[in-house]
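Residues or ranges marked as transmembrane segment by TrEMBL: C:20-38, C:45-62, C:74-92, C:104-124, C:130-155, C:189-212, C:224-243, C:255-277, C:326-346.
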Amino acid sequence: MDIIAGIAATLLDQLQKPTLAFLIGGMLLASLGSKFEVPEPVYKFIVILLLLKVGLGAGISVREAELSELVLPALLAAGVGIGIVVLGAVTLAKLRGVSQTDGLATAGLFGAVSASTLAAGMAVLDDEGIAYEGFIGALYPFMDVAALVTAIVLARLAMARRTTPVGGGTMALGGGQAPRLDKGLLRGILVDTLRSPAISALLVGLAIGLFADPASVYGSFYEPLFRGLLSVLMLIMGIEAWSRLSELRRVAHAYVAYGLLAPLVHGALGFGAGVIAHHMTGFSEGGIVLLAVMAASSSDISGPPTMRGALPEANPSAYVGTSTGLGTPVAILSIPLWIALAAQVVGGGA
Amino acid sequence: MDIIAGIAATLLDQLQKPTLAFLIGGMLLASLGSKFEVPEPVYKFIVILLLLKVGLGAGISVREAELSELVLPALLAAGVGIGIVVLGAVTLAKLRGVSQTDGLATAGLFGAVSASTLAAGMAVLDDEGIAYEGFIGALYPFMDVAALVTAIVLARLAMARRTTPVGGGTMALGGGQAPRLDKGLLRGILVDTLRSPAISALLVGLAIGLFADPASVYGSFYEPLFRGLLSVLMLIMGIEAWSRLSELRRVAHAYVAYGLLAPLVHGALGFGAGVIAHHMTGFSEGGIVLLAVMAASSSDISGPPTMRGALPEANPSAYVGTSTGLGTPVAILSIPLWIALAAQVVGGGA
Amino acid sequence: MDIIAGIAATLLDQLQKPTLAFLIGGMLLASLGSKFEVPEPVYKFIVILLLLKVGLGAGISVREAELSELVLPALLAAGVGIGIVVLGAVTLAKLRGVSQTDGLATAGLFGAVSASTLAAGMAVLDDEGIAYEGFIGALYPFMDVAALVTAIVLARLAMARRTTPVGGGTMALGGGQAPRLDKGLLRGILVDTLRSPAISALLVGLAIGLFADPASVYGSFYEPLFRGLLSVLMLIMGIEAWSRLSELRRVAHAYVAYGLLAPLVHGALGFGAGVIAHHMTGFSEGGIVLLAVMAASSSDISGPPTMRGALPEANPSAYVGTSTGLGTPVAILSIPLWIALAAQVVGGGA
């Protein structure tokens with residue numbers, strides 16, 4: 001009971017922290033019908049700065065880290081991304097009213113990572129004074145790309161299986177069009193995903209952090225602006241989440257259940273992976289929290305356009321509504337949960 | 001004579017202060033035909049940040065203030081807002097070439113508050129080291145909403161009186177359509193005004209400041225950016241003021257006289273209200289100045305669209321031209337006047 | 001050999017400096033087909049802030065400087081601007097496949113100044129701890145306006161000469177339309193150039209720096225933001241440069257040679273002018289570098305629209321492709337060259 005009380009107290013305390021308060025403020029604004037809005041170009045720029053910041057920070061840290069420390073978390077991050085999509089394929093995609101393609105597109109977004117949610121997690125940890133590996137940002141693309149590629153490949157294979165007449169075998173890989181799908185497609189999806197604005201912003205930051213010496217501009221500009229711009233971004237996400245909710249009325253109820261529960265299940269997966277890394281390589285308490293936050297989050301920037309491009313058959317109301325309307329706010333609001341849990345599991349007390 | 005010399009010296013000194021210098025710089029640019037412009041989305045974002053800053057600051061202060069301290073200034077602020085509109089109704093709206101609706105729309109904007117002007121007032125006071133109540137930003141919606149609602153209600157009543165055939169009595173309230181106007185209309189105007197982007201930004205900032213703990217992001221982001229963004233905003237306002245001036249050629253001369261004199265008369269009203277609060281509850285010298293500045297200012301962000309929505313019959317060239325072209329620059333440039341006056345009346349010397 | 005080794009070492013070292021790393025990062029992004037982009041309004045705003053910063057800084061410094069110190073560098077800057085255009089007229093404009101108008105438009109842009117390149121130069125010098133005159137920003141309009149006016153006048157004169165039938169004499173000044181061109185045209189070009197967004201932003205900053213007292217907002221906002229925004233701008237310039245390169249395929253090869261070599265030749269001209277000023281009035285080592293950087297740079301903001309307006313006959317693919325695609329990155333990447341050279345020539349060692 002003490003554990004639960006401790007978690008509940010931490011949760012209540014956290015909801016008053018500015019990062020979450022701005023999210024709730026944005027949802028309130030939208031729910032009250034406010035005409036407040038942040039212009040699109042400014043929103044895009046804020047996201048770019050956050051991604052550059054996360055990338056630069058990771059690049060600077062990776063240079064100082066031993067590569068061996070990075071390998072296990074990276075593999076685990078990719079594994080969690082793939083695991084989330086496979087889990088979605090055997091649950092969501094089989095529920096009533098959910099087409100296989102729509103279900104996989106949704107699972108893909110939930111496996112991918114939201115830069116804003118990760119940034120919010122970092123900000124909350126900084127506030128609490130909980131340390132985490134500087135290279136965490138470098139794990140982002142591993143989970144994100146793995147999930148998007150898995151979802152798109154599975155959806156394409158399923159479509160090929162449906163269109164391939166008879167005798168396709170249990171695995172479409174042996175069937176008619178499958179080999180063509182595998183090679184060119186995989187490469188195409190990978191290239192498309194890496195070229196997406198969010199992943200490129202992160203990677204260029206990572207590269208500059210690795211090969212140049214941006215510590216002074218990082219410390220004087222990207223770091224200080226980060227917290228402030230994040231507060232504005234949380235307002236925008238809150239407004240966006242609320243207005244996306246209405247789209248869910250038009251799709252099956254299964255999406256609502258998935259949007260509410262999946263972030264918690266996925267976060268637990270990421271949390272578990274973090275605990276494994278903690279015992280094997282001494283991965284930090286804050287690192288466990290951020291791996292859980294990444295896993296819990298669903299892509300809101302690069303994911304939706306990638307899906308639209310790769311799976312034009314999927315219904316955006318379903319996957320964007322579920323991820324932006326429910327997945328993102330649930331993931332952000334559950335950040336304190338992972339902090340409280342990590343304190344219990346690893347830190348040895350609240 | 002010493003008093004006037006003191007005021008004149010302060011005025012001259014203030015015109016060299018950056019806040020006012022950027023306004024004059026913007027007017028110069030526009031008058032010389034420069035093609036310089038700040039993109040619309042950036043302008044909107046600067047205004048949002050200023051409003052969030054004012055709201056957050058007020059929220060943080062209100063939490064620490066005793067509610068009783070706030071009540072009198074809030075009532076006075078609302079009273080000044082209503083007073084300015086009523087004054088406009090018995091003067092401007094009766095002048096030659098001014099339709100009653102246009103006159104009331106203009107008086108409504110002059111009663112409403114300009115966030116930029118208030119922000120400029122705060123910046124100048126900060127520069128001078130003159131203290132003011134932190135909750136001042138919380139007075140903004142009281143004056144703003146009171147003025148807009150009064151102006152729209154008066155204009156609608158006047159229109160109803162005109163369309164109501166005979167025997168409507170002296171008060172339209174007793175006439176045909178009037179009761180319908182009163183209930184639904186008042187509620188509609190209130191809701192519309194509170195949902196306007198400017199008021200919502202201010203209120204969400206106020207709410208977050210009150211219920212969460214945003215002091216660190218306020219201190220590290222909103223406060224430091226405030227002065228710099230204000231300088232850019234002053235440039236924009238100067239350019240905007242100059243280019244709106246030409247619209248005044250198309251409307252009656254009465255608007256020019258009103259635009260030049262009203263900010264001073266209204267500022268004196270606000271100043272008087274501030275002095276009353278000073279003697280009753282110890283309202284500060286800086287608070288008096290800011291109440292005068294709010295009263296002198298005319299709405300440039302949320303006011304015009306609110307008017308357009310509520311009074312489509314009114315001529316925007318008249319009310320926007322008068323308020324943005326004359327009212328705003330006169331109000332900003334008269335900030336030093338209220339400072340000098342407050343030093344004489346309350347501070348006991350220049 | 002020691003000198004060359006010293007220069008090479010400095011160059012290699014500099015390419016890792018963040019300012020240049022972000023430029024290279026942007027070029028990499030574009031070359032890899034990334035969909036990363038910074039929204040246009042944000043790009044414009046960043047440029048405005050940089051220009052205001054350069055102007056304000058120059059204005060504040062000019063107030064403190066003796067006017068006599070400024071006269072020689074200003075005359076030299078104007079002379080270099082004119083010299084670059086005349087040099088272009090006798091070389092580029094006579095090459096195969098280059099029309100006289102296109103050649104002069106290109107030379108005009110290369111004579112004009114890029115605010116981003118100048119800002120990059122200042123940032124690199126700040127990093128190195130190399131001092132330069134605060135008033136350097138005030139030299140910008142002298143070189144920029146001189147070059148643009150010279151190019152447009154020469155192009156118009158050449159066109160007039162071609163359309164004037166026979167017996168026009170060797171100088172078109174004696175010919176049919178020439179006198180008309182000279183008076184009204186010169187005035188028109190001057191006014192147009194001074195009203196362009198870039199030059200006006202710089203001049204209004206200069207005026208505010210000179211006549212008001214913006215030191216606090218300069219120190220708390222413009223200075224600190226400068227380095228960070230410059231890093232974003234370098235990313236944008238890198239992307240822009242790469243994507244403009246393709247336009248060069250459609251024009252004569254002469255442009256490619258000019259775009260690669262001209263910045264170095266022009267930089268050497270500016271460097272020489274700086275050394276003259278150094279020996280005559282003690283112009284600083286950093287000042288020499290910045291004069292070289294200004295001369296090496298080609299206009300990317302105000303130049304192209306000025307050219308389009310004044311010389312609608314010229315082909316933008318030629319002049320914009322050459323200056324933005326080649327001139328700007330070569331100029332930025334050669335900043336370390338001038339630093340290394342100045343250390344050898346003036347500083348007395350690497």
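Here the Cβ of each residue, glycine as well, is placed from N, Cα and C on the backbone.
Within its own chain, the transmembrane segment (C:326-346) is flanked in space by residues 3, 6-7, 10-11, 13-15, 19-20, 23, 27, 109-110, 114, 116-117, 120-121, 124-125, 128, 130, 234, 237-238, 241, 245, 248, 256, 259-260, 262-264, 267, 271, 274-275, 278, 285-286, 288-289, 292-293, 296-298, 300, which lie at least six positions past its ends and keep a Cβ under 8 Å from the stretch. Proximity of distant same-chain residues to the transmembrane segment (C:130-155), defined by a Cβ-Cβ separation under 8 Å and at least 6 residues beyond the stretch ends, is recorded for 54-55, 57-62, 64-65, 69-70, 73-75, 77-82, 84-86, 88-89, 100-101, 104-105, 107-113, 115, 118, 122, 181-182, 185-186, 189-190, 193-194, 199, 202-203, 206, 283-287, 289-291, 294-295, 299, 302-303, 306-307, 310-311, 314, 339, 342.
Beyond the ends of the transmembrane segment (C:20-38), by six or more residues, the same chain brings 14, 120, 124, 231-232, 234-243, 329, 332-333, 335-336 to within a C-beta distance below 8 angstroms of the stretch. A contact between the transmembrane segment (C:74-92) and the transmembrane segment (C:255-277) is present, since 3 or more of their C-beta pairs, 6 or more residues apart, lie under 8 Å.
At the 8 Å Cβ threshold, with sequence separation of at least 6, the transmembrane segment (C:45-62) lacks contact with the transmembrane segment (C:255-277), having fewer than 3 such pairs.
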